[in-house]
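Reading through the structure tokens given below for one structure.
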Amino acid sequence: MSEIHSFGNLPIIAHSWNKDRTQIAVSLGKNDVRIYQKVAGKWKLTHTLCEHLSRVLAIDWAPKTNQIVTASADYNAYVWTFENDIWKPQMVELQRTSRAVCCAKWSPEENKFAIGSSDKNVAVCYYEKDQRFWAAEMIKKKPKSTVTCIAWHPNNQLLAIGSCDYRCRIYSAFVKTVDEQARTSNWGKITNTGELLHEFQSESGWIHDVAFSPLGDNIAWVSHNSIIFAVTADNPSRITMEITSYLPFRCIIFMNESTIIVGGHEFSPLIYNYDQRNGTIDFLEKLDRQETSTGRQSIGRLFDQAAMQTQTPEPVSTHQSMITQIVPYQKENGNLKEIVIEAGQELRGDVDETLTVELRSGKAEIFGTELAIGQKYQFTSGMKFAIFTYWGCTVNIISPHEDYYVARDENPMHIYLNVHGMLEQLRQKAETEKTRGPRIMVTGLPDVGKSTVCRMLVNWAARLGRTPILVDLDVGQNQISIPGTIAAMVVRRPASVEEGFRIEMPLVFHYGYKTPGENIGLYNEIISSMAMYVNIRSENVEKSLISGVVVNTCGYIRQEGYESFKHVAKTFDVDIIIVLDSEWLSTKLTSDLPGVKVITLPKSGGVVPKDAAKDKFRENKIREYFYGPRNNICPHVFTIEFNEIKIYKIGAPQIPDSCLPAGMILKNPYNKILPIAASPALMHHVLAVSSSNDPEQLLAKNILGFVVVQQVDSEKRTLTLLSPQPNVKNKLLIVSDISFVDMK
């Protein structure tokens, strides 16, 4: 829906908004700039800036510093500063400019601005604090005709200009006096001011406007021959063109990385989609809703007497004349924001909808995985991220909400890294002496970051070429397999920032419950089976033996849970126990396990209780198993008869001693293997496909995969299963208490 504001009968040559859109500065084609403020729904003239001697051609209002730069046909540019309710001008030293200054734009960080003029000059202007004046550094490789438009790259050090010589150019705008160091760019190496990085030919036609996309990876411009041009940084040699049938365009902006809005002599803004991959620009729609009117007539109709007599309605746009400039009034959801993270700080966030992160400069990592400069990482709803930097960095974020913050409190990341350094020294010693590498167990209360610490330790090890074995005993939130299981895998490469570990031939054992306390005996027994296989792997592969084992545990530490911890330490023969944020547990383990080194570490400030999110996490983990981390896998749905499979449940219900006959003792009910008849009670339950062909060996054998019961037909005696494969290879299935309702 459009909103119309009138500032008289004169055409608006240029305009710019203040930070909160309560004021607007406009040029009406005269030598002054008028500033209006919205009062009671109406625009009131509050200030008139009258320093220029000729028509003002460009205005740009810096939202952060609240400074206005104006450019005029009088060869001059002024910077206006608001002090004591007065706008005070300061002239920019443009000594080499002898013709009209056509365009002016503040840089994203507002510490400099650029101007373009009719005498082919392009200047990057900055404030000389010592001399107290605005200096201009001229670009030497200047265009061959009038500079008509300017656009800044989000990194604050690249400049795109369009001119009347039919070319669009990208220059380095790095100014050593202002910028501390040159930043990395996908468009090329940034060096001295004015270095020409790219030059694009635009067939024919003056270039009227140019724009970078919010992340700066795409650039687009419009020319007087009604053509839209676009180029992506990944392939700057391919120029995408859209030859339109509309009247010439005068202005262009990116709303996001692919959506473009253009305007000009057509009276209505037009929306286009730029597909970088396929190299196409496609028309979407007109932004204005058209109305009917008899007031506007085409040139041909003015000389058509019959048409003048009939006066049939003709559709018109909200605008009644040429569109000279498009400026965003309100930023849409998903707007780009640049964040500077200083050394030792961490950017944390919980994603509500979607969030995109791109490292623009410096070095940073997420849970031990290093970020690549210029690569976009996308996070979806429910995901967490924590970007830490030891050196300082700059990142771009696109998110509908500001559900992130920079943590400036004390961070234990340096402590965790020191632990990694200690483990690496032990690995180097084992490599020299041909012995076993370190085995670490990470314990602590619930929600203290145990899984995150394990992930960082194995990621750091993998970055050094090690292949540690990660064992995850957390049956509620397992990061290798689905909930209700314990799993192990060899980590050969760091985990993906977006998708986690690349799961290759994991070893998975069925447990069937969400917490160890529901069947602690079964839990301890399958831990023993897992430890046996891990020991065999370590002994047979020298690289894994040297790299060691990292064991992640549950947060169940009271009563039998603590005894389970001791059982884990003994079965895996751990050398080091890392206790997170629990002095009591550390003291007790030190006393009960004298041969094991116990280290107490603080938890990160970004760790928060996640009871409400656990069910969502489990559901997403199961969905990811069947549909892939990006919903890029298509699972199978098939029907199988009751007599084709055998279903079992491990663990008999616990019967109180008072309910048993006198003198009777029920032996090991926790690992009793019970056959289950197929019935509607299995609906939505996860079934584990065992690798065993003997029901008596279900506990000792690992799992091949999982299926979900989607439908039970008692009359036809069939089950409908959701499965990654078109059939089940093994017919022995184990029922789990874990359920999954497929809503896809």
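Backbone N, Cα and C atoms are what each Cβ position is placed from, and that goes for glycine too.
Source: prediction; values computed, not measured.
Annotation source TrEMBL lists repeat 'WD' at 49-84. Summed and averaged per residue, pLDDT over the repeat 'WD' (49-84) gives 90.
The domain 'Anaphase-promoting complex subunit 4-like WD40' feature in TrEMBL is assigned to 105-179. Per DSSP, the secondary structure of the domain 'Anaphase-promoting complex subunit 4-like WD40' (105-179) breaks down as 0 helix, 39 strand, 36 coil.
Marked as domain 'Clp1 N-terminal' by TrEMBL: 341-430.
Counting only same-chain residues at least 6 apart in sequence, those with a Cβ under 8 Å from the Cβ of K450 (ATP binding site) are V442, T443, G444, D474, N552, T553, G555, L580. Here TrEMBL flags E346, K384, D447, V448, G449, K450, S451, T452 as ATP binding site.
Per TrEMBL, domain 'Clp1 P-loop' is recorded for 446-628.
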Which number gives the other C-beta atoms within 10 angstroms of the C-beta of K384 (ATP binding site), all protein chains shown included? 18
Measure from the Cβ of D447 (ATP binding site) and count the other Cβ atoms within 10 Å, all protein chains considered. 15
What is the number of residues in the repeat 'WD' (49-84) that are helix, strand and coil, as DSSP sees it? 0 helix, 21 strand, 15 coil
Which one is it: of the binding-site residues S451, T452, which Cβ has the fewest other Cβ atoms within 10 Å in this structure? S451
Helix, strand and coil counts within the domain 'Clp1 N-terminal' (341-430) (DSSP): 18 helix, 40 strand, 32 coil
Cβ neighbour count within 10 Å of G449 (ATP binding site): 25
